[in-house]
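Structure first, then comments.
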Amino acid sequence: MMSLDVIFILKSVIIAIVEGLTEFIPVSSTGHMILVGNLIDFKGQFAEMFEVVIQLGAILAVVVLYWKKIKDSVIEFFKFIFTGGKEGKIGFRFGMNVIIGCIPFAIIGVLFYDNIKSLFNLQSVIIGFIVGGILLLVVETLFRKKNHSTDNIDKITPIQALKVGTLQVLSAWPGMSRSASTIMGGWIAGLNSPTAAEFSFFLAVPAMVASSGKDLFEFDYSIMTPTLWIALVVGFIVAFIVSIIVMEKFVNFLKKKPMRVFAVYRIIMGVVLAVLAFTNIISV
């Protein structure tokens, strides 16, 4: 019995590593967790809740890594309000941009929550991988080097934030990737790649906390056992640690290289999965 518990915890660690590796790069963490979950038989009611919790571990990584920026922006946001705009203008503008950027995703999430949840399957992931990869190639080719004068998140305008937020809606489809969608939105809006990626990190905090809250509130905690609680805590910690490492390296990567390598990876992965599904080697 104990060996089965250890194996289950090891499976949870694998999923948490996958989450940490893929949450903030444009390859879709949800898609990879669904895929790996199918391969190692990590599925079911707990697995769905586990994925929500470890995504919060990844979000905590954003808070820790950018704590000073978040703290200063919150303080300046309220300074601006209470001083009638005499102080804290930069922090207020940044906070409003984050709010504006989250509005489109929030509307879609509220109106189509059940429809979105019904898409969480391997077939949707395959479509998301391929379509998202093609879009990434096209948008990078057309917009990445065109008028990208915005090189700092404090210089982002409300219109730019809205454009990024509108593209974030694409990530409601499993396999599309929230990171890919927001970075593409950043390119279209005139942000350079590192700035688009960093703004994507900040948009992730309210978007994912809000979407996770409903799932955690509705979860049936009566099924929880000591093994499941251990898996949950360990998974959260692992996702947090891996996410911090990946975020720093990803921003540095974007300062030097294009993202087409991720686009090609997505397309190849999608085609391979489609072939495996068509030949019944894996089930969708």
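Yeah, the Cβs are placed from backbone N, Cα and C, and that goes for glycine too.
Segment annotation: Swiss-Prot labels transmembrane segment over residues 183-203 (candidates 162-182, 183-203). Non-local neighbours of the transmembrane segment (262-282) in the same chain are 25-28, 35, 38-39, 122-123, 125-130, 132-134, 136-137, 140, 175, 177, 180; each lies 6+ residues outside the stretch with a CB under 8 Å from one of its CB atoms. Long-range contacts of the transmembrane segment (183-203) within the same chain, counting only residues at least 6 positions beyond its ends with a Cβ under 8 Å from a Cβ of the stretch, are 24, 26, 62, 65-66, 70, 97-98, 101-102, 135-136, 139-140, 143-144, 147-153, 155-156, 159-161, 163-168, 170, 247, 250-251, 254-255, 259.
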